[in-house]
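Data block below; observations after.
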Amino acid sequence: MGLLKKKDSTSARSSTSPCADLRNAYHNCFNKWYSEKFVKGQWDKEECVAEWKKYRDCLSENLDGKLLTRILEVDGELNPTKQATDSKESSS
């Protein structure tokens, strides 16, 4: 029972986040993709990219001035193709 209370309080805390809806949309998309496609060996196409970008942008805006923005910078360093795609989209 203690776990349920802790889980509920964590859920309540995250729902007050300005990015909570975007986070939920991304997680729902990812979980659906993982369970319906990835597990079956169908991972050719990048899915949930739009949801991830919206969530990442929201985090970036809301974490400005905090050391947590480093997480988003590391994501770019670990995914250089994503940086190239983001650059192409911003220049269009």
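Numbering starts at 1 and runs along the chain as displayed.
Each Cβ is built from the backbone N, Cα and C atoms, and glycine gets one as well.
Given the structure is predicted, the values throughout are model-derived calculations rather than measurements.
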If you have Swiss-Prot open, could you say which of CYS19, CYS48 makes the disulfide with CYS29? CYS48
Looking only at the domain 'CHCH' (16-66), how are its residues distributed among DSSP helix, strand and coil? 34 helix, 0 strand, 17 coil
CB within-chain contacts under 8 A for CYS58 (disulfide bond), separation at least 6: PRO18, CYS19, LEU22
By a Cβ-Cβ criterion of under 8 Å, what residues six or more beyond either terminus of the motif 'Cx9C motif 1' (19-29) are in contact with it? 47-48, 51-52, 54-55, 58-59, 62
For the motif 'Cx9C motif 2' (48-58), report the average pLDDT of the model, please. 93
